[in-house]
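See below for the structure under consideration.
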Amino acid sequence: MKHHLISAAAAVTVFPDTTVPDVVDMVKCKIAELEAEGSDDAFFICDVGDIIKKDIKWREMLPRVSPFYAVKCNTDETVIKTLVTLGLGFDCASKGEIAQVMKHGVSPSRIIYANPCKQKSFVKYAAKHGVDLMTFDNEAELIKIKDVYPEARLVLRILPTTQVQVRCQLGNKFGCHPDNALKLLMKAQELNLNVMGISFHVGSGVEEAKAFSCAVHQARDVWDLALDMGFNMTLLDVGGGFPGQKSAPITFEEIAIVLNDALDYYFPKSSGVEIIAEPGRYYVASAFTLTCNIIAKRTVARDKSEDDAFIVGSPDGHNKQNLSLNDEPSHMYYLNDGVYGSFNSLMYDHAKVEPCVFNDSLYSFTSSVWGPTCDGLDCIMQECRLPEMEVGQWMYFLEMGAYTLCAGSTFNGIPRPNCLYVCASQLWTMLYPEEVSEKRRCSKPSVDLQEALGTISCCTDQELLLC
Ligand code: PLP
């Protein structure tokens, strides 16, 4: 029985090679399949192998730091399942996220409830399920926890005070200033609560490695304060902020070098302190490619204001004569995903995106790219240069895995894109060794891409598919 490539069961297509085919070839191939069916839906391609490679690099570069993936960054079930299988811990921000990871059999000991301002009933839920590790940064939170979960193991989230370039500031909302830590720790002591760790978050998308070394130093100062007060301190949480895309202004490796040095200095191995982190974008940003269809197009004169913009090439050609001699038309493209969908990252994550097209024309035009909803705010790119494209053609966007699908809505009835999952078998073997070795017997040494992507048999998300 033949099934469409993107099945509700989120099957993973595994290629019998060390790497999956180039993502551009896969995008082309999927487009061909959709067009053959008469479909023009937007879609994601997720390279599960990219996530596995990220984990290998993390273990190599930060061997002392256990990653607790920040679920909020991308809640896709296949992502979560992959990370569960890789043995990660999880940073959950709510009851829903705790339930999502526990559904995959994650033990409560592998979860940190890392939201310093929690809904009371959610804390009760955490207590009921034994998720006892949680952060706090204010007095009201301590009183709440005392009331519903006094046995919880508490991690004080401090505010890193060093000014650094960062894409998303978090310090305006969370973190106890180190100067106020003593007062807060005294309150915890008065309530007889179990403070056992310090955490921080340098900001999401940090652009300077020193953010980590400075924060570790500050954590050490507060740690010593807590030790002096008699708390039994055992856990340091260095938060998130690790870059996950090639276009990031700083590399993961640069941060790892600086962070390792700081950890070795302030929390040497001999101290026996457990160190965890809450990476989000690092694991998922580069694994996802989004492809959208151009559903509509409008051509306007570039030097006209919006009020007197006119359409070039209206059916009777009448408007054409309005173009000034040295004017160049500007094209407005409307895609079937936008700011209310996967491109919400433009607003919430301050992301920058770059459209890629299958058109190697030497001529490019001033263009703007818009989402599909009726809101003028739904603009993906105010201005860029693109070759002239037509309705029905496609644009794709690389590195779209972080803070995209998870916060997208279906405003205006626009559906969220489906996702096609792929993986190189050599990497898949690391996740499911027995499955692969058994199925490999029937795999071919090389695979035709169209055949691989177009002929998926009926499968569940547990099953491995080789062509
Ligand atoms: N931990 C907490 C508490 C966060 O708020 C966030 C992001 O907002 C993260 C971890 C993940 O950050 P990043 O995706 O930059 O690694």
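Just so you know, glycine gets a Cβ as well, placed from its N, Cα and C.
The active site, proton donor annotation in TrEMBL covers C374. Sequence annotations record features per position, and here TrEMBL assigns domain 'Orn/DAP/Arg decarboxylase 2 N-terminal' to 49-285. Annotation source TrEMBL lists N6-(pyridoxal phosphate)lysine at K72.
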Reported mean pLDDT - the domain 'Orn/DAP/Arg decarboxylase 2 N-terminal' (49-285): 95
Alpha-carbon spacing, the residue listed as 'active site, proton donor' to K72 (N6-(pyridoxal phosphate)lysine), which is rounded to whole Å: 28
Least surrounded among the recorded positions, given as K72, C374, when other CB atoms within 10 Å are counted: C374
